[in-house]
Amino acid sequence: MMRTTDKKQNDRSASVQTSIAAEGNNTDVEDNVITSVMSPQTGKLVNITADGDVAMNYTMDEKEVEMDEATNKRILRKIDMYLMPVMCLLYCFQFIDKMANSFASIMGMREDLHMVGNQYSWSGTSFYLGYLVLEFPVSLLLQRFPVSKTVSTFIILWGFIMCMHSVPEYPGFIALRTILGMLESSITPAFVILTSQWYKREEQFIRTALWFGCNGLGQIIGAGAISYNLFVNADSYSMEAWKLLFIITGVLTIALGFLIMAHIPDTPTKAWFLTEEEKHLVVQRIRSNQQGFGNKHFKKDQFIEAITDIQTWLFAIFTISNNIPNGAVTNFSSILISGMGYSTSESLLMQMPQGTCMTCGCIGIACGTLLYPYRFFWAAVGISISLIGSCMLSFAGPYKAQYAGLCLWNVAPVGFICMLSIIASNSAGHTKKVTVNAITLIAYCVGNLIGPQTFIEAQAPEYAGGKIAIVVCIAISLATLFCIWFVFWARNKKLDANLNTKVENLEFADLTDKQNPNFRYAL
C-alpha cells in the first residue's frame, strides 16, 4: 500500500526547488548557485547549483511518496524480473567471448596460427591492451550519452569482431583481440551505473554478484555446450572447430546487443515497464543512496576529488592484485588442466565444475549479506577461500588436489564484485563515480595484462612461477581489502560526529560523497 504526504516547505528546500525550476532553461546551469552546505570531511563550503542530478527534475513540484514494505518488495520484484535476467545473460556471454581464447587454445588454434614461444600469452594480453586504451573514453561516453543505447552499440560491434576471429594468420588474430578488448571495455562500467541507478545500496552487492557470477555460467555453457560439442564433432564441419566457436558466440552476442537496446531503459524514469506511479516509487527508493540517476556534465572539481581521494588508489591496488590471477587463469585454465594429463575433450568438460564453483560461490557468499549485512566481511571470506585454493594449485603434489585448488580459486571474483558494488555505493557525484569506475577498470586491465605474462612458456606445463604469483597477489588483495574497510569506517565515525541541517533533495544535487554531509559509507 502507498500513501503520500506533503513536503515540508522550509525556506532552504523551497529555495532549491524554485531556483532549479527558474534556471531549468539556462544552459550555464553550473554557475547558478542555489544554496551552500558545509562538508564535514573537507571543512569547505560546497555550492549547490541548478546542475543537479537527472532525478532532481522528477522530484520537482511533486508530493513525497512513502512506501510500506509490501509496496517496496513489489517494486523490487518487478525491477528484478525485467532487468536481472537480461543483464545476467549478457554477462554470461561476454565471459564466453573472453574464455573462447582459452577453449580454442586446445582445439587447434595455436597450431593453425603457428603460435610459438609466448605468442599465446600475448593473445590474452592484447585483449586488455585494447581494454586499457578505451576504458576512460568509454566511461565518459556512458556519462554523456544514454547508457543502454551506448553499451548495446558496443555489444553489437564486438559481436561482429568475434565473428571475424576465424582468421588464418596470427597478426590478424592479435589485431582483432585488441579491438575486441576496446569494445568490451564498455560492459562493466555500464552495468555498475545501471545497478546504482535502480537499486538501493543494501541491494547492490547481491545484484552485482548475480550478474557478475554468471561468468561461471558462461564458462559452463562455453566449455560444455559449445566448445566440447564442436570439438568432438569436428569431422562433421567444413571449417575448423575453433573458428566455428568464435562465429557462434559472435552471432549470439549480436542478438543480445539488440535485445539490450530494446529492453533496458536508460534511466528508471524512462522505463517502459513502469507506470508513472511506479517511476516515482523507484525515485523514492533510491533516495537513501544519496545519489541519483546521473548528470551529463563533466565537473572538474569532482574529477580532481576522484584522483586525489585515497579510496580511488586503494581500489586500484586491490583491483590489480585481484586480477593478475584472473588474467592468468582465464587464458591458461584449459592449458593447465591439459597439463595435468587430461585429453582435450576432458579438459573442456573439466572447465564446467570451475564455472559451477564461480557461480554458486559468488552468489552464495553474496547472499550471506542477507544474514550478516556487511559486504566487506563476505568479500574477505571469498578471497580467503580463493587463497586456500591458490595454495593448493601451487604447492599440492597430486594433480587432483591441484585441480580442486583451481576450482576453489574461482571464488576469487567475490572480492572484485564487492569492489564494483562499493564503487556504486560509496563514490557519489556522477563525474566522480565515472572517474573512479574508470580508474578501477584501468587497474583491472593492468592486472589482466600482467597475468598472462606470469605464465612463461619455458616453465610449461607446470608454470611454477605463474602459480606462485597467483598466491602472492591474492594475499595482497586481502590485505588491501582491510585497508579500504578501515578508511570507510574512520570516515563514518567522523561524519557521525558532525550534526548537519537536513536539506531536502540534497541526494539529487549531484554532490560527491565528501561534499554531501548526509552521506554515509556502506560497509
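Quick reminder: no glycine exception, Cβ is built from N, Cα and C everywhere.
Curation plays no part in TrEMBL annotations; they are all automatic predictions.
Feature annotations, courtesy of TrEMBL:
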COMPBIAS  1-11  compositional bias 'Basic and acidic residues'
COMPBIAS  12-22  compositional bias 'Polar residues'
REGION    1-22  region 'Disordered'
TRANSMEM  82-100  transmembrane segment
TRANSMEM  120-142  transmembrane segment
TRANSMEM  151-168  transmembrane segment
TRANSMEM  208-232  transmembrane segment
TRANSMEM  244-264  transmembrane segment
TRANSMEM  376-397  transmembrane segment
TRANSMEM  403-424  transmembrane segment
TRANSMEM  436-456  transmembrane segment
TRANSMEM  468-490  transmembrane segment
Spatial neighbours of the transmembrane segment (403-424) far in sequence, C-beta under 8 Å, 6+ residues away: 188, 192-193, 195-196, 201, 204-205, 208-209, 212-213, 215-216, 315, 318-319, 322-323, 325-326, 329, 333, 336-337, 340, 350, 353-355, 357-358, 361-362, 365-366, 375-376, 378-379, 381-383, 385-386, 388-394, 396, 433, 436-437, 440, 444, 470, 474, 477-478, 481, 484, 522
Close approaches to the transmembrane segment (376-397) from elsewhere in its chain (Cβ under 8 angstroms; 6 or more beyond its ends): 205, 322, 325, 361-362, 365-366, 368-369, 404-415, 417-419, 464, 467-468, 470-471, 474-475, 477-478, 481-482, 484-485, 523
If you count CB pairs under 8 A between the transmembrane segment (151-168) and each of 208-232, 244-264, 468-490, the winner is 244-264
Which residues of the same chain, at least 6 past either end of the transmembrane segment (82-100), have a Cβ under 8 Å from a Cβ in it? 127, 155, 158, 162, 165, 180, 184, 187, 191, 194, 198, 207, 210-212, 214-215, 217-219, 221-223, 226-227, 245-246, 249-250, 252-253, 256, 259-260, 263-264, 271, 273, 330, 333, 351
Could you give the residue numbers and ranges of same-chain residues that sit at least 6 residues beyond the transmembrane segment (468-490) on either side and whose C-beta is under 8 angstroms from one of its C-beta atoms? 310-311, 314-315, 317-318, 321-322, 324-325, 328-329, 376, 379-380, 383-384, 386-387, 390-391, 393-394, 409, 412, 415, 418, 422, 426, 447, 454, 521-523
Taking the transmembrane segment (120-142) as reference, the highest number of CB pairs under 8 angstroms among 208-232, 244-264, 436-456 goes to 436-456
List, by number or range, the same-chain residues at least 6 past the transmembrane segment (436-456) whose CB is under 8 A from its CB atoms? 118, 121-122, 124-125, 127-129, 131-132, 135-136, 138-140, 181, 185, 188-189, 192-193, 306-307, 309, 311-312, 315-317, 319-332, 416, 419-420, 423, 427, 463, 465-466, 469-470, 473
